[in-house]
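S.K.: For 24-239, the entry in TrEMBL reads domain 'Tr-type G'. What TrEMBL lists as GTP binding site is 33-40, 112-116, 167-170. According to TrEMBL, the feature ATP binding site maps to 470, 471, 472, 473, 474, 475, 476, 477. Residues or ranges marked as active site, phosphoserine intermediate in TrEMBL: 544.
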Ligand SMILES: Nc1ncnc2c1ncn2[C@@H]1O[C@H](COP(=O)(O)OS(=O)(=O)O)[C@@H](OP(=O)(O)O)[C@H]1O
Ligand SMILES: Nc1ncnc2c1ncn2[C@@H]1O[C@H](COP(=O)(O)OP(=O)(O)O)[C@@H](O)[C@H]1O
């Protein structure tokens, strides 16, 4: 290996330096091990021996090149930090240090994750974009629990290149038999968790033996040094290039009527002009007419490249769709079994709707209680009712519509997803699709001839869901009743779903726990949607204490159809009214989880209508609501 000498070249010919630098492939790798294994020393040696470009040097370089009017450092710099900013924007607090260095053959980003309790979250975050994992073993200690944990996690997130770095060989007299027995023990374990291939290298971070320089002390080892190996291991895009073509559409580029291009990053395979492609999920096939890359018109493009393609026919294709090889398209489904790593401090809430983001697709999804969680140290399958921080579990995921996917093992881009809290926008989990549930493919949406528009127009009205929310005794039922009477008198077709009544029938199996209330509101939302599909004006009077579920119901309906009405009555006033005597019982400890007292109420931040019942009578509140509803639907007045 020839050490890379950026300083000299930068001084002589910055353009040549930047051009050479930009053309090199990038390897992202992760180091797993603890300080005791000599990890810091090893990384330090790699950086030192390869005359690494440190972050601050790159920043200085960028500033210098801007000053002399040269372009081109930006791309590398983005690559250096993009992993970080993406995670920060998603609200995950992680503890992963990224370091950048380069040799003449390759650029490297090494993610260094500390080995403390937050290990799973840190490692999954650091490893999710890595091509390769370097697993450190102390030659004196051999394969330990943490070696197994690191290997399991690396394999879980889809890292196919594993390097077993048997460190501190100097402390065992560079003895081949020590190395061989560690490799044999590791091979048996690796096979048991599905790792069929790894590269073992005996080395010493301290002396530098087999890190960047060959070691005279270990003549029995004929393989590459660690750096030599890292310079040639295949990166994920090499592997992706051999799979069937996939282009998840990021946006549709339509500058004028003559041009309609579909832009995105090719996730797998390659594509040539004239090739037949299939748009998924619609299933329409057509041919690729043109391919435009960063450097202009192309005849072919491969995985990892950002392109815009145009198609021979005017087919429907929008953001979230996937343009794929016509004869081997990805699957579509709305229910999956997935392996989920929980990243948030708040545990998973059964039945709660989370945003599921898979590539360019975003849908609402709920997670069932896990079938089991995995002990990362022993790989044992344990029973659990929910997923908590750092848990890894296998669970069913239900989406509210079909998505285009591939099992994670076949492709990270269409198989990996994140779950996002709808209220805070924080990433709460990372998931990997194992397979679709069979019933998902068996249940088809029945296409119905009498559409919701036909139902509504027959009734001469636009459907609405008037969603009343507020504390017990706030006045939801009283006002909703009055509104319905007025609508009825005006000849509107309506139906009132009331908390007390539904809880005696449809939802009699549900309690007032968080999960019980979430499921209560979800079912009511589904029923309200069906009734709105039937053309009705639906009124619902449920406490519906959580923002996430109210927002979820809003998202289930066409824009503008959901009207959130906050019956804003202070707790003290509702409690003073105590229509049903429940507050007195709750205060006396006879009712558990009572809203406002021992269970939370999340007030709407921006309701469509707010009613202050301390200032407004039920009558005037109802008139205002009717005016709001009739006002926005003027055609048939
Ligand atoms: N623990 C506890 N907390 C809150 N409310 C309780 C509880 N136990 C019984 N009740 C009675 O149930 C009614 C609320 O049911 P909801 O279906 O509207 O509640 S929720 O939306 O699922 O939170 C509510 O009716 P309203 O007073 O009309 O709101 C109460 O009468
Ligand atoms: N401005 C008001 N709006 C609604 N209800 C009011 C108002 N002022 C007093 N009330 C009384 O408050 C009580 C509200 O009870 P209810 O409608 O059953 O509440 P909820 O359905 O929210 O539990 C009723 O007895 C009602 O007469």
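Note: Cβ is positioned from N, Cα and C throughout, glycine not excepted.
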S.K.: Of 33, 471, 472, 473, 544, which recorded positions come close to ligand 1, meaning Cβ under 6 Å from one of its atoms?
M.R.: 472, 473, 544
S.K.: I need the most crowded of these binding-site residues: 33, 470. Count other C-beta atoms within 10 angstroms of each C-beta and give me the top one.
M.R.: 470
S.K.: Let me check the 10 A CB neighbour count of residue 169 (GTP binding site). How many other CB atoms are there?
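M.R.: That number is 27.
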S.K.: Report, in whole Å, the straight Cα-to-Cα distance of residue 169 (GTP binding site) from residue 471 (ATP binding site).
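M.R.: About 68 Å separate the Cα atoms of these two residues.
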S.K.: Taking just the CA atoms, what is the gap between residue 475 (ATP binding site) and residue 33 (GTP binding site) in Å?
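M.R.: Here the two Cα atoms are 60 Å apart.
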S.K.: What are the other residues, in sequence order, whose C-beta lies within 8 angstroms of the center of the C-beta atoms of 470, 471, 472, 473, 474, 475, 476, 477 at the ATP site?
M.R.: 541, 543, 567, 569, 574
S.K.: What's the number of neighbouring CB atoms sitting within 10 A of the CB on residue 475 (ATP binding site)?
M.R.: 24
S.K.: For residue 471 (ATP binding site), list the number of other Cβ atoms lying within 10 Å of its Cβ atom.
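M.R.: So the number of other Cβ atoms within 10 Å of residue 471 (ATP binding site) is 24.
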S.K.: Quick check on the binding-site residues 39, 476: which one has the highest count of other Cβ atoms within 10 Å of its Cβ?
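M.R.: Answer by Cβ density within 10 Å: 476.
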